[in-house]
Amino acid sequence: MMVCFIATLGQILLLGCISFTPANSKTCQIYAAVGESVTLAFNYEGLAKSHTLRWTHDTTIIFLRQQGRVTIGKPEDITTTGSILLKSVKFQSEGTYRGDALHPNGTLAKTWTGQLCVMEKVSKPRLSYICDTNTVNLNCHVSKPQGLFFSWTLDKTTLSSETRQTLSISLSQLKEKSTFSCSVANKVSAESSETIQPICKAHMLCFKPNIVLGVLSGGAVLIFVLLIIITVLCCSYRRTKTKMQLSDKGEFNLLSVNKGEAESITRYENIHNVESCPSPSPQPSPRACYENISKLDVKTETKPPQLSTAAEGQQPSPVPKPRTKNAKTPDI
């Protein structure tokens, strides 16, 4: 909304208009960074010292020059065409600016109105990436990302369709040495990140460090438990095997002794006929008889096997009977 007025200052007639912008309406024509200087271009080539030049910020007059005399503001802030220089702007410098040039008779020669918006410069972004199963996910980190413009470059080629803060690229689309960078900008500044070269392998799973540590810890505990179980089983198996070996060895030794005794007895019976074994009184023990048989076997093996005809026909001599004490002499 614009309001025009006519006023007199002494003998000078003033004509002016003031524009009011609703508080909820903000359409910026000019942007400036905090701390920088900005020039509001008036560009009135026919401006003369006889003209009245006035600049207002919202409803406050910030510069006034009449008949070549400056009463508000600084002369060095105005160019020859009427443009005004705003130095070291702040957020308080935002608002509607208006410039008016009036002829000496008070009629309007030129007017200009514009909305100034003040913003902070963007910070330098930091680029990171995470390898997924078949993709690489990149993130352009920057403080206060609201209202910023993002862009991406792949191998120094701008990806015009990618304007978000994050980027996902299939590993099949990557070359061996593909490089990425991201840029962030607003109306007053722009910054780019460092170039990085993601190193990912296809079908490689990437997990968070805490997940990896948890899996490794669980695996280590499982391996330790398995080692304990294997050790116990080996010791039990070795103990059982030792007992079985000792049992088999005892049975084998007992079988060998029994077999040897049986073979000796059988051989003796076949050669000497066990019935001819003398039985003196008192009767000898079986062990003594067996020892005599063994001695005979040894002697038989040492002697030649040929026997004379006489020896073969000779009967064994009778065993004399033992004498008894106090024996009586038989009568003749």
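Placement of Cβ uses the backbone N, Cα and C atoms for every residue, glycine included.
A TrEMBL annotation is a machine prediction, not a hand-curated record.
Features as listed in TrEMBL:
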COMPBIAS  303-316  compositional bias 'Polar residues'
DOMAIN    104-197  domain 'Ig-like'
REGION    301-332  region 'Disordered'
SIGNAL    1-25  signal peptide
TRANSMEM  211-235  transmembrane segment
Could you give the number of helix, strand and coil residues in the domain 'Ig-like' (104-197) as assigned by DSSP?
3 helix, 49 strand, 42 coil
Averaged over the domain 'Ig-like' (104-197), what pLDDT does the prediction give?
92
